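Engineer: Dropping a structure here in structure tokens format, bear with me for questions.
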Amino acid sequence: MFKPSFVALALVSYATAQASAPQWGQCGGIGWTGPTACPSGWACQQLNAYYSQCLQGAAPAPARTTAAPPPPPATTAAPPPPTTSAPTGSSPVAGACGAIASTVPNYNNAKLPDPFTFANGTALRTKADWSCRRAEISALIQNYEAGTLPPKPPVVTASFSKSGNTGTLAITAGLSNSQTIKFSPTISYPSGTPPANGWPLIIAYEGGSIPIPAGVATLTYSNSDMAQQNSASSRGQGLFYQLYGSTHSASAMTAWVWGVSRIIDALEMTPTAQINTQRIGVTGCSRDGKGALMAGAFEERIALTIPQESGSGGDACWRLSKYEIDNGNQVQDAVEIVGENVWFSTNFNNYVQKLPTVPEDHHLLAAMVAPRAMISFENTDYLWLSPMSSFGCMTAAHTVWQGLGIADSHGFAQVGGHAHCAWPSSLTPQLNAFINRFLLDQSATTNVFTTNNQFGKVQWNAANWITWTTPTLT
């Protein structure tokens, strides 16, 4: 039998250390044991404590807390206004959705799927219809790309303690009293006397990157403890999988949503925490921005969703990102993402090469937030974020808020001039407007939908992708 020598082992170790990570690949982070070098012309940039990535350019971007230079002026580019149409066909009875489709056999559509038509071809007429369509979209996304989101488990208990302006929410969740997990997120409170209904709260994935205004509490959610995201080898690792098993279909992002829901359960059970559970927001940046969008889509108790620079796999659409790739923009797409990490279910691997057969896309994921509020922020300086895809995808999603008659509950702002996940001060007024209105219950103007139109080698043309006419849902 062959026995490797110490010299051979040393050579293997040396070769592993010298290997370069691929373009856009992971090159560092907590728990990372793979290559740390990048190809020529690419630099290993730390995006957060858990993840560094090979990005184009010779020098890494400054840390998130570094003050960013003012971005170039953004030009307003409003989405197409809704045009009223009279849908044909019967609608589900309000409150009774009937059978919910989780798959659509023989689907084939290279353009963006119509949010206003059920899988069976029936057109939406009413706001109650949207509730049913939203349930259908949820089932489709879980089946095709996210994995199954389990319901509230039989055991959920919580206790709360506070020292100064910092609180600790100790949560136990389990399938039985003998099969539980525990986690304890911390809450940073504003100074002063809380409002009568408690403080509004933002759940911040890994602490978040946005400036939180006065009067809003912040809960730091260590989502990577709930489901690890170090690399493609992280699948089935984390607290969620200790409870449901390492082979559960839920992706890491779906497991994070489950954790957010348990946090809100715990807050509802602990009035001493003095949190207004009717005024909860969620945020995160980059990979955690993808997760924040997923949480806002699936957890209906979230009042305001704020994904930041989530890009492909977040507020970008798979079909549009592929279009960018096909036309010379080096962006992340579905094929690259499923090989990079565990943010999506293994079932999605079956569809990344045949996206037209998928009866959903991320304009529908974002639309699941409606009629609740959402604003997403993107950065055109990083082409791999797929800026045209994000703008086009959110333009398509915006039609749902338009159809519901609440267009100013959905916003989008896209600028450059700052590092990835560094906050540009020029966007603070838009951010504060949404927080003031939807978390602080103050009057604010939230008609925000802007881009600087820096899309690399492509341009957005709504007529090429949006095939539906936006109805006025009654």
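Any Cβ shown, glycine's included, is placed from N, Cα and C.
Keep in mind that this is a model prediction, so the values were computed, not measured.
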Engineer: The disulfide recorded in Swiss-Prot for CYS393 goes to which of CYS285, CYS317?
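Structural biologist: Candidates were CYS285, CYS317; Swiss-Prot matches CYS393 with CYS317.
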Engineer: Kindly point out which candidate in GLU299, GLU340 is recorded by Swiss-Prot as part of the substrate site with LYS290, GLN332, TRP384.
Structural biologist: GLU340
Engineer: According to Swiss-Prot, the disulfide involving CYS421 connects it to which residue among CYS132, CYS285?
Structural biologist: CYS285
Engineer: Of the ranges 176-181, 188-193, 284-289, 356-361, which one does Swiss-Prot list as motif 'GXSYXG catalytic site motif'?
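Structural biologist: Residues 284-289 are the ones Swiss-Prot records as motif 'GXSYXG catalytic site motif'.
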Engineer: Pick the one among the disulfide-bonded residues CYS317, CYS421 whose Cβ has the fewest other Cβ atoms within 10 Å in this structure.
Structural biologist: CYS421
Engineer: Do any residues of this chain, six or more beyond the ends of the motif 'GXSYXG catalytic site motif' (284-289), have a C-beta under 8 angstroms from a C-beta of it, and if so which?
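Structural biologist: Distant Cβ neighbours of the motif 'GXSYXG catalytic site motif' (284-289) are 47-48, 51, 64, 204-206, 208-210, 223, 229, 307-311, 313-315, 341, 343, 376, 420-421.
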Engineer: Which residues in the same chain, at least 6 apart in sequence, have a Cβ under 8 Å from the Cβ of ASN120 (N-linked glycosylation site)?
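Structural biologist: When sequence neighbours closer than 6 are ignored, ASN120 (N-linked glycosylation site) has ALA101 within Cβ distance under 8 Å.
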Engineer: Measuring Cα to Cα, tell me the gap between CYS317 (disulfide bond) and CYS285 (disulfide bond) in whole angstrom.
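Structural biologist: Distance between the two Cα atoms comes out at 17 Å.
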Engineer: Cα of HIS420 (active site, proton donor/acceptor) to Cα of CYS393 (disulfide bond): how many Å, rounded?
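Structural biologist: That separation, Cα to Cα, works out to 20 Å.
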Engineer: Do me a favour and check the Cα-Cα span between CYS421 (disulfide bond) and CYS393 (disulfide bond); whole Å is fine.
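Structural biologist: Computed Cα spacing between CYS421 (disulfide bond) and CYS393 (disulfide bond) is 20 Å.
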Engineer: When the motif 'GXSYXG catalytic site motif' (284-289) is classified with DSSP, how many of its residues are helical, how many are strand and how many are coil?
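Structural biologist: The counts are 3 helix, 2 strand, 1 coil.
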Engineer: Using a Cβ-Cβ cut-off under 8 angstroms and a sequence gap of six or more, which residues of the chain neighbour CYS393 (disulfide bond)?
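Structural biologist: Long-range Cβ contacts: LEU112, ASP315, ALA316, CYS317, LEU320, ASP361, HIS362, HIS363, ALA366.
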